[in-house]
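Enquirer: Just passing along the structure, written as structure tokens.
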Amino acid sequence: MDVLSPGQGNNTTSPPAPFETGGNTTGISDVTVSYQVITSLLLGTLIFCAVLGNACVVAAIALERSLQNVANYLIGSLAVTDLMVSVLVLPMAALYQVLNKWTLGQVTCDLFIALDVLCCTSSILHLCAIALDRYWAITDPIDYVNKRTPRRAAALISLTWLIGFLISIPPMLGWRTPEDRSDPDACTISKDHGYTIYSTFGAFYIPLLLMLVLYGRIFRAARFRIRKTVKKVEKTGADTRHGASPAPQPKKSVNGESGSRNWRLGVESKAGGALCANGAVRQGDDGAALEVIEVHRVGNSKEHLPLPSEAGPTPCAPASFERKNERNAEAKRKMALARERKTVKTLGIIMGTFILCWLPFFIVALVLPFCESSCHMPTLLGAIINWLGYSNSLLNPVIYAYFNKDFQNAFKKIIKCKFCRQ
């Protein structure tokens with residue numbers, strides 16, 4: 001959003017830079033060629049990478065069937081929105097930045113501001129929609145499977161655009177101050193105090209609060225599940241050390257398949273190990289008592305499960321079996337803790353990037369209209385803040401897609417042109 005225009009917040013005659021206020025009389029001739037070249041290269045690279053990154057995400061979802069699910073539809077819609085920012089908004093913003101003045105006329109300025117606010121607001125609200133979808137998926141996984149439909153995704157996407165439209169249109173209908181159009185060389189968003197509060201809270205502060213709450217609850221739910229798994233693993237290890245093997249869990253088969261199965265149980269004796277018949281336990285060569293049942297699934301496969309013996313305090317499992325279970329329990333505990341660290345890292349990257357890109361911009365956008373006569377915005381700082389917000393459209397596909405292995409595989413296919421051959 002181009003709330004901070006070249007020249008805003010600075011009425012001095014200091015050397016021109018991207019962010020001096022309206023009323024600034026500097027023209028194209030006052031901007032050095034080196035500034036124009038360097039700025040053009042930097043902003044051109046940012047725009048090119050943003051277009052390429054978001055286009056690849058859209059192409060990956062369109063071409064790879066495994067990526068066509070509700071969660072990725074939201075990511076794809078975010079990529080389309082950021083692609084619109086990159087194609088419709090950033091080129092005009094870059095031209096404005098390089099020339100240090102608006103040269104495209106008032107009508108184009110109004111259209112530019114409306115597109116800017118609409119697309120950037122929709123992009124931010126897409127992040128809320130993704131957070132909401134993830135929150136429902138992790139806190140209500142059973143019921144949400146049936147509710148997580150393309151229709152629901154379409155409703156969330158439509159809502160992001162509706163809110164963006166309601167925030168971007170009012171200035172075109174007159175919710176602005178007369179001073180907003182007083183300088184033909186400047187193109188800024190409405191500085192009306194009421195609209196400033198309405199737009200900044202609707203486009204950023206309320207979505208930010210919502211995302212903090214949602215991701216906070218997602219983290220707590222994920223941590224609860226992970227630590228529950230750790231406790232279960234530790235209990236399993238303790239039971240093994242005290243001579244009790246964990247009973248098979250319902251709805252889980254020996255060979256890892258899920259769902260209900262018909263089982264047939266029979267006792268089998270194995271030479272050199274635990275010798276069992278008709279529920280009686282005999283001592284094996286290693287001195288350990290181990291009852292072994294043979295589990296036959298209706299089909300061809302069979303497995304042998306050690307069960308706790310009822311023949312006194314003799315350990316159920318050989319020492320090697322116990323050590324193996326302890327190693328497995330420790331490995332599972334480490335994996336669970338690693339998942340928790342990964343969850344913290346992922347959520348930190350998502351929220352950290354969003355806040356880093358947009359918070360400085362919206363602080364200035366909220367404060368500046370209320371103290372325009374007394375506030376001074378350094379020109380270079382203003383440019384950095386403005387383009388830091390725009391750069392979120394470049395970083396979104398990296399965070400939400402490129403770290404995903406399924407997307408990585410699809411990108412490799414695109415690069416190798418496998419879809420072309422298909």
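Positions of Cβ are set from backbone N, Cα and C atoms, glycine also.
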Enquirer: Please work out, from what Swiss-Prot records, which of CYS109, CYS119, CYS120 forms the disulfide with CYS187.
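Expert: Disulfide pairing in Swiss-Prot: CYS187 with CYS109.
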Enquirer: Sharing a topological domain in Swiss-Prot means sharing a membrane side, so do LEU99 and HIS376 qualify?
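Expert: Topology check (Swiss-Prot): LEU99 vs HIS376, same domain name.
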Enquirer: Run through the Cβ atoms and count how many others sit within 10 Å of the one on LYS405 (1D-myo-inositol 4-phosphate binding site).
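Expert: So the number of other Cβ atoms within 10 Å of LYS405 (1D-myo-inositol 4-phosphate binding site) is 7.
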Enquirer: Honestly, do the transmembrane segment (74-98) and the transmembrane segment (153-174) touch, with at least three Cβ pairs under 8 Å and pairs 6 or more apart in sequence?
Expert: yes
Enquirer: Suppose you look only at the topological domain 'Cytoplasmic' (133-152); what would the mean pLDDT be?
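Expert: Its mean pLDDT is 89.
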